Structure formats: structure tokens, C-alpha cells
Amino acid sequence: MKFSSIILLTLLICSMSIFGNGQVQTNKKCKGGSCASVCAKEIGVAAGKCINGRCVCYP
């Protein structure tokens, strides 16, 4: 039981570190859906959204 808890905790911590770096924040100002072109130029993928007036891209 103790060993399985350690393995589960280790997997949880590793997955948090992997998925926590899944965003790229830019300093480009945006409104609405204008982040697609910004993200395509920054990271090569047109997947992003405008959060608090700044583009956040998702690779």
C-alpha cells in the first residue's frame, strides 16, 4: 500500500510538471480571436486565445 502511494504521488508530480509547461505567454496585445496569427508566428501553431488582453499560445 505504501509503495503504490509513492508511485501514484510520483506520477502526479511528473504529470503536473509536463502539462504545466503547455502554454506560451506572449506580450502581444489582442482582442477577441486575433491570436491565431500571433501564435502562428511565435510558435508555428495557430492555437491560442486572448487572456487578459494578451495572447496565450498552446503548442
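Any Cβ shown, glycine's included, is placed from N, Cα and C.
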Recorded disulfide counterpart of C50 (Swiss-Prot; options C14, C30): C30
Whole-number Å value for how far K49 (site 'Basic residue of the functional dyad') lies from C57 (disulfide bond) (Cα to Cα): 7
Assigned element (helix, strand, coil) containing Y58 (site 'Aromatic residue of the functional dyad'), judged by DSSP: coil
